[in-house]
Amino acid sequence: MEQKKWPLHSILAIAIIATWLKTAITYEVSFDLNIENIMQQLILWINPLSFLLIIYGVSLFLKTTKARNRYIVTTSIILSVVLYGNVAFYRFYNDFVTLPVLFQTSNFGDLGTSAAEIVTIWDLLYFVDVVIIVCAVKWLRVEQQDGIVLPQVRRLYFTFATAMLVLNLGLAETERPQLLTRSFDRELLVKNIGTYNYHLYDLYIQSKSSAQRALADGSELVEVSNYVNASKIERSELFGEFEGRNVIFISLESLQSFVIDEQMDGHEITPFLNSLVGRDDTFYFNNFYHQTGLGKTSDSEFITENSLFGLGRGAVFFTHGGNTYNSMSEKLRNNGYFTSVMHANSKSFWNRDMIYQSFNIEKFYDVESYNVTDDNAVNWGLKDKPFFEQSVELMKQMPQPFATRMITLTNHFPFTLDVTDQSIPEYTSNSATLNRYFQTVRYMDESLELFFEQLKETDIYDNSIIVMYGDHYGISENHNKAMAQFLNKEEITAYDSALLQSVPLFIHIPGYTEGGVMEQVAGQVDTRPTVLHLLGIDTEYDMQMGSDLLSAEHEDFVIFRDGRFITDELVYAGEVCYDRSSGEQTDSALCEPYIERANMELEYSDKLINGDLLRFYDDQTGQLIIDHEAAQ
Ligand code: GP9
Ligand code: MN
């Protein structure tokens, strides 16, 4: 009796389902993805599907059943290898592989020796779909139809596949707005678009930057270098005054200046920081601005490290993590400092683990270095108080002099806090975000006070400089109405918004007696030369955009990443030139020369990064390395 045959394209359907299920199960058992709600779970389950429909669907363009089956089997093998590669890599590094890492073979040195520990016989299960597909091809009796697949069938098929892709991206966008433009975390990407799509995305990002890099050569550096040299100013009189001191940078999450020395419904918001304002041992800069873009905290780190701007699109930490940089940490390291970053988050967030290698930072105290429990964590992770407490213990172990950057976390959107940690009530406005913000700011302020106290109990405090700065805005323009209410204004205009980008900068120098409130108009690019000079480290050959804030020649001019700027007399925002003191629109000719300079500076900074031009530069001698080979 003639056995009933399976319908046409059964092999395709089996392949899609088998690989889909295998991938979904792999997500569950092999990666630690922190799924927080049903929506995320749903996205995780559907995200392999759109990709698999498309990649296996290519078989529909082949003319014979044999060719189609061969293509499907080959594809399933390749996909299994990719997925398994990820699983093995994840076991070792707790991270997802990126193309640059794949080609940075030195990374795998450690991997080779412990390969035996990583691989087990059970890993063959990662290829189970291949086995199923091969068996189906071999033994299943499927309707055969050679020749081209009907265009209508193909059209229907790919319409469905595209719909799945759009559904996936749409859901991901609601769950994580700006996922692809900000590209902040590999884990989030994998969670939302899946491993396979993630690799395609990574491929796209990398090929774009490699192309720009490949086309660049040292001669492009000449123009940038001329500009940088022409902008150099004399260093401050305090140059070298604090040589040999440790330097502790503290990145104050989402802290804006508008809360400093202010009250909310009669409650002081930042009592501890306020106590430093105007003190002899502290420079407090009240006219200092963040210059970050989409890369938020990571941009602030980038700017502080390199005195260059982040990029206009995406996070430079992610897109150019493998570039050559002459970072501040590297400079400090060359001057005998032990360099580190302390931040209780996963190391791959913002691609930090990778770019810190490019910055030549010796040690990254990431979440693994901290004891995080349900009790001492809130919102994004370890609360600031235990973070500082544990960090002091780690600091005691550091060789001195050291330079470290501590990155706080509690005052992060959505600004949630345990009731027991709330020292002041919520504000009352139409923005729950702003209402809570004051409470988490206050918590951060208290944690800083605690940190200072604990540090004073060690020998570190007296021998350090503590530099604290707000990393970027915390309250976006979506909360303008509530902000206007808090600031007692009718409305928040483009002019106000620009000035609201001010973040505090404190340079606290125990034992110093001539500090005070500083009104220089400045930005995060200026931090590096200022601090290096205090420590007696020269910046003559630094290819960077900042200038010493304490120098008499410092110019009152700060450029934002989006082209806005502020001087002591002007504010340029929303393509309007404002008189700074009145807030009224003024003659645009006054802004013209600054607009030009702002654009030029941003463009030069972009050029350096996109072309990876610092590989053509010797920062010890200020010489350009035009010889290509030398710069590879
Ligand atoms: C994450 C922390 C916050 O590790 O630095 O990043 P953000 O969202 O502020 O850029
Ligand atoms: Mn931040």
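Using N, Cα and C of the backbone, Cβ positions are placed for all residues, glycine too.
What TrEMBL records for the Mn(2+) site is Glu253, Asp471, His472, and among Thr297, Thr304, Thr428, Thr513 the residue it adds there is Thr297.
Counting Cβ atoms from all protein chains shown, His472 (Mn(2+) binding site) has 22 others lying within 10 Å of its own Cβ.
Each residue contributes its Cα atom, and for Thr297 (Mn(2+) binding site) and His412 (substrate binding site) these two points are 10 Å apart. What surrounds the Mn(2+) site, by Cβ distance within 8 Å of the Cβ centroid and not counting Glu253, Thr297, Asp471, His472, is the set Ser251, Leu252, Ser254, Leu255, His290, Thr292, Lys296, Ser300, Ile407, His412, Gly470 from the same chain. This prediction places the mean pLDDT of the domain 'Sulfatase N-terminal' (245-537) at 96. Checking each of the binding-site residues Glu253, Asp471, His472 against His412 (substrate binding site) by C-alpha distance, the shortest gap belongs to Glu253. Sequence-distant contacts of Glu253 (Mn(2+) binding site), defined as residues of its own chain at least six apart whose C-beta falls under 8 angstroms from its C-beta, comprise Thr297, Ile407, Thr408, Leu409, Thr410, Asn411, His412, Met444, Asp471, Gly474.
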